[in-house]
Amino acid sequence: MSEAANWQPSAPISNLLKRADMIKKIRQFFTDRGVLEVDTPCMSQATVTDVHLSTFETRFLAPTMAKSLSLYMTTSPEYHMKRLLAAGSGPIYQMGRCFRNEEMGRYHNPEFTLLEWYRPHYDMYRLMDEVDDLLQQILTCHSAETLSYQQAFLRHLNIDPLSADETQIKEAAVRLNLASITDNEKDRDTFLQLLFMAGVEPYIGRDKPVFIYHFPASQAALASISTEDYRVAERFEVYFKGIELANGFYELTDSAEQQQRFEQDNRQRAALGLPKRSIDERFIAALKHGLPPCSGVALGIDRLVMLSVNAENLSEVMAFPVERA
């Protein structure tokens with residue numbers, strides 16, 4: 001199809017109307033709970049160090065500038081929102097565009113809408129309850145099931161992801177017809193992620209949402225490590241009808257630990273032949289100033305709309321995905 005022929009939106013207008021109504025209801029949900037809506041930049045002078053995320057980069061050069069400035073499209077508003085929390089904002093949320101220079105397909109578009117919110121003095125479980133409330137209100141679904149990462153692996157793969165040795169993990173991969181990766185892949189977390197995607201995800205959250213919590217500590221990202229079990233992180237994800245909807249943390253507030261994790265990311269990037277990323281010093285400074293104990297979560301709006309209208313592809317709920325942008 002020529003570019004001129006696909007000028008129309010890929011989503012039916014009826015779905016776009018439902019999308020607008022959903023966004024209105026989400027805003028009302030947070031207004032009723034006294035959570036402040038904020039607006040942070042789509043471009044930043046620093047980006048994420050996460051080896052699994054690829055960013056869009058551009059350069060800014062004003063006539064008055066002697067040197068251009070590198071800017072990155074944000075993959076999430078997390079760092080900016082935590083700077084607001086450290087400045088005393090109280091509970092906050094944001095719905096905005098984020099960008100990832102990665103895959104495109106049924107559930108992915110390089111530009112997407114993310115709902116992210118933070119609750120000072122909430123632990124992970126209290127925030128999970130609030131996410132559950134939102135999903136029930138927006139999707140008219142049943143209350144969610146909760147299942148630890150360990151329980152999910154034991155139930156569906158019959159292995160303990162926290163104690164399984166390399167042989168057990170590779171045997172599980174063979175049972176899932178993933179044998180082709182066993183000889184080349186050495187990273188334990190990559191193995192576990194592949195096993196989760198192939199052997200757990202297809203079987204959870206079919207009739208109601210499910211929260212998977214307490215991911216391995218090595219997959220903590222920006223979450224705190226559990227004080228009750230050092231092997232796991234205070235992190236959760238939400239799945240419903242085969243779709244990953246949300247990713248939440250009881251947030252890491254220790255600036256030194258966060259600095260170490262960023263540096264470890266960069267060492268891993270170097271080992272994988274990926275470019276090193278500069279560490280967001282403003283974010284680290286905010287943590288040093290003092291981030292209140294809090295939990296936060298990011299939820300994909302486009303995927304939420306998909307579930308609401310029973311769509312099979314993001315293109316059915318986005319006016320102009322990248323193919324028509």
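Just so you know, glycine gets a Cβ as well, placed from its N, Cα and C.
Look at Swiss-Prot and you will find Ser76, Pro77, Glu78, Tyr118, Glu251 tagged as substrate binding site. Listed in sequence order, the residues of the same chain lying 6 or more apart from Glu78 (substrate binding site) and placing their CB within less than 8 Å of its CB are Glu116, Leu222, Gly296, Ala298.
Annotation source Swiss-Prot lists ATP binding site at Arg100, Asn101, Glu102, Asn109, Glu244, Leu245, Gly300, citing sequence analysis. Long-range Cβ proximity for Asn109 (ATP binding site), meaning a same-chain Cβ under 8 A and a gap of 6 or more residues, is found for Asp302, Leu314, Met318, Pro321, Val322. Look at Asn109 (ATP binding site): DSSP puts it in coil.
Listed in sequence order, Leu53, Ser54, Thr55, Thr75, Pro110, Phe112 are the same-chain residues at least 6 apart in sequence whose CB falls under 8 Å from the CB of Arg100 (ATP binding site). Cα-Cα distance from Glu244 (ATP binding site) to Pro77 (substrate binding site): 19 Å (rounded to the nearest whole number). Put simply, Ser76 is the one of the binding-site residues Ser76, Pro77, Tyr118, Glu251 whose Cα lies nearest to the Cα of Asn101 (ATP binding site). Packing around Gly300 (ATP binding site) is summarised by its Cβ count: 22 other Cβ atoms lie within 10 angstroms of its Cβ, all protein chains included.
The closest partner of Leu245 (ATP binding site) among the binding-site residues, by CA position, is Ser76; the full candidate set was Ser76, Pro77, Tyr118.
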